[in-house]
Amino acid sequence: MSDAPLCAEGLECIRGDRLLFSGLNLTLSPGQLLQVEGANGAGKTSLLRVLAGLSRPAEGEVRWRGLDIQHHRASYFTEMVYMGHAPGLKAELSPLENLRVSVALRGRMADEARIDDALARVGLRGFEDVPARGLSAGQKQRTALCRLLLDPVPLWILDEPFTALDVRGIALVRELLEFHLANGGMALMTSHHALDVRGDCRSLNLS
């Protein structure tokens with residue numbers, strides 16, 4: 001058995017009647033980033049959802065610290081953050097309110113100063129109280145990125161985190177990833193952008 005905190009063995013995923021991948025093995029250790037690559041429809045998002053415990057594989061298992069995540073979901077979810085394609089914001093709530101809800105759903109106390117600092121860090125100072133429906137796609141994505149700053153967990157699973165971001169936003173994501181890895185964090189991600197992140201970065205191609 002691998003000593004890596006995250007270990008997947010013999011994963012098989014089927015969508016409809018189509019086999020996306022089978023016999024897939026991977027590990028992820030502190031300070032490592034794994035970029036999942038492949039053509040559209042290759043199963044990148046499906047793999048990330050399996051690794052995040054949001055979908056079950058047809059075969060195989062995912063273990064976190066030696067325990068099957070499907071049988072220990074609650075403890076796994078306290079150590080992992082998943083960011084999907086959509087920012088996951090409530091349209092009628094402001095960035096500030098959305099982040100308060102996000103922190104509360106994670107079972108943590110909302111620290112107003114930390115939320116304010118996170119919004120400033122991602123360039124949303126002055127937009128704290130604007131309903132999400134009035135934000136641009138890039139501003140919504142920046143709001144979602146605040147969750148990485150507010151929830152200090154070891155594992156990030158990010159599906160296309162650069163979506164809708166401008167050059168500064170992309171640079172910010174890279175900066176966050178580099179800091180996370182340098183401090184012993186781990187990351188799994190998909191992206192159509194060149195990664196260009198300093199650290200122990202690897203790739204897995206599903207095509």
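Every residue gets a Cβ built from N, Cα and C, even glycine.
Going by Swiss-Prot, these are the annotated features:
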DOMAIN    6-207  domain 'ABC transporter'
BINDING   GLY38, ALA39, ASN40, GLY41, ALA42, GLY43, LYS44, THR45  ATP binding site
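Shown here: features listed in Swiss-Prot, placed on the structure.
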residue	record	Cβ within 10 Å
GLY38	ATP binding site	16
ALA39	ATP binding site	10
ASN40	ATP binding site	7
GLY41	ATP binding site	13
ALA42	ATP binding site	17
GLY43	ATP binding site	23
LYS44	ATP binding site	25
THR45	ATP binding site	17
Model confidence over the domain 'ABC transporter' (6-207) (mean pLDDT, whole number):
95
Around the ATP site recorded as GLY38, ALA39, ASN40, GLY41, ALA42, GLY43, LYS44, THR45, what other same-chain residues have a C-beta within 8 angstroms of the site's C-beta center?
LEU20, SER46, LEU206, SER207
